[in-house]
Amino acid sequence: MSPRAAPPRFGPLQLVLAAAGTAAATLDLCMDGWVAAEYARSGHPGWAALSLSLLAAASAAAQACSWLWLRSDPPALRPAVPVALLAALHLLQLGFFLRCLHALKVGWRVCWAKAEEEDEQRHMAFLSHDISMLRLFETFLENTPQLTLLLYIILRTNKAELSQGLGMITAFACVSWSLLDYHQSLRSFLQDKYELSVGSSIIYFLWNLFLICPRILAVALFALHWPYGVAVHFPLVWLAMFLWVSLQGTDFMESPGPEQLYRAMVAVILYFSWFKVAKGRTLYRSIIYHGFILVDSTLLVLAWLWGQGPSEEQSYLLPVVSAALPCYLLGLGLKVTYYKWLHPNVQVQQEGRYDEVDASEGSDGVEFRSFLEPHLVNRRMQWLAQTHFALSQPAQGHLLNGAAAV
């Protein structure tokens, strides 16, 4: 590992993207409120209450993480406001937006106020990494359940309002974008960073979208005939995922108590999408996970078919369901395509290096960015990067000798 590495450069384009991300989060929140208000106005207060409850639960979990991180971070990296005010803003569910505004302020200073010192760049990278992770948490804890509820209501009423259609589009885009943004954020910790190309980013976005859509459809269809069954199915699958994450061992938070909160949120992500949580070989874990989700989703759809009576009004659902499996398989095919031909490690291999996600145990074969000032390193995201891009020396030796990668 080299003794010094410059932080990722933050420029005007990154500032525009950060502002767009903040605007998108605000728009998504407004859309959720609009949809809930429409439910209440149309005489379905139960749906409105459930929608707002999902929003509140997701926000509370994300705010708790944000507050725990702020308390463990160096004071110099926190927003320049009193601690009591920080706590109050988090209680009011405004902590994430405070982080976004603080990051925009630092980003503006970096880009336009001639404050291009490395410390400022590192500070901006630190803030960006946390925002990326919080966005991922809140997206999966709020958008994916909201999408399931929204799709259930559309199928139940057999009609879609404008607010519902716009809500689904923004939610699906936010889910897939949050995964892409998270992956790009992790890659910034690599010593020799090979960023995703436009083509790689598009494929990464699409394969996540194609894998998540059938899962949400299967849960929504199951809820059509077994609405209370979802209240049993979700906790059971979530518990299985939580135990799986716990057995793999994680070291993301600063103490054991908050670590359980992290594992609980990751278990929610795993209910809908693959998420790597520990070092080691990914291929077999990924096969087990996707196999489990495929079987589970198939059983949910079969349960819907079993309870489905002859109905001309919903005859369109059969072609939709028939397309779900090809959609999922297409997502898996795009995932394989990405890692085989479009992943930045293709370029790395050509230069005799390697940073593949699917690696053996250990982390000695990958060089990560080494910032001389430890207090400016986002330890949480650095740990996740090492988890994702770890590679053992023996595996690296095989690769350098021309052997096939694991």
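Each residue, glycine too, has its Cβ placed from N, Cα and C.
TrEMBL labels come from automatic prediction, so no person has curated them.
What you are looking at is a predicted structure, and each value in this text was computed from that prediction instead of being measured.
Matching 15-35, 162-182 against TrEMBL, the residues noted as transmembrane segment span 162-182. The stretches the transmembrane segment (77-98) and the transmembrane segment (48-70) meet in space: the count of Cβ pairs below 8 angstroms, excluding pairs fewer than 6 apart in sequence, reaches at least three. Residues of the same chain lying 6 or more positions beyond the ends of the transmembrane segment (162-182) and with a Cβ under 8 Å from any Cβ of it are 21, 24, 27-28, 31-32, 34-35, 38, 132-133, 135-136, 139-140, 143-144, 146-147, 150-151, 153-154, 196, 201, 204-206, 208-209, 212-213, 273. Scored by C-beta pairs under 8 angstroms, the transmembrane segment (202-223) has its highest count with 287-304, from the stretches 48-70, 230-249, 261-278, 287-304. Across 48-70, 287-304, 316-334, stretch 48-70 shows the highest tally of CB pairs under 8 A with the transmembrane segment (261-278). Taking Cβ pairs closer than 8 Å, the transmembrane segment (48-70) reaches residues 29, 32, 35-37, 39-40, 78, 86-87, 90-91, 93, 95-96, 99, 130, 133-134, 137-138, 141-142, 145-146, 149, 253-254, 258, 261-262, 264-265, 380 in its own chain, all 6 or more past its ends.
Within the chain, the transmembrane segment (287-304) has long-range Cβ neighbours (under 8 A, six or more residues past its boundaries) at 214-215, 218-219, 221-222, 224-226, 229, 233, 237, 270, 274, 321, 324, 328, 332.
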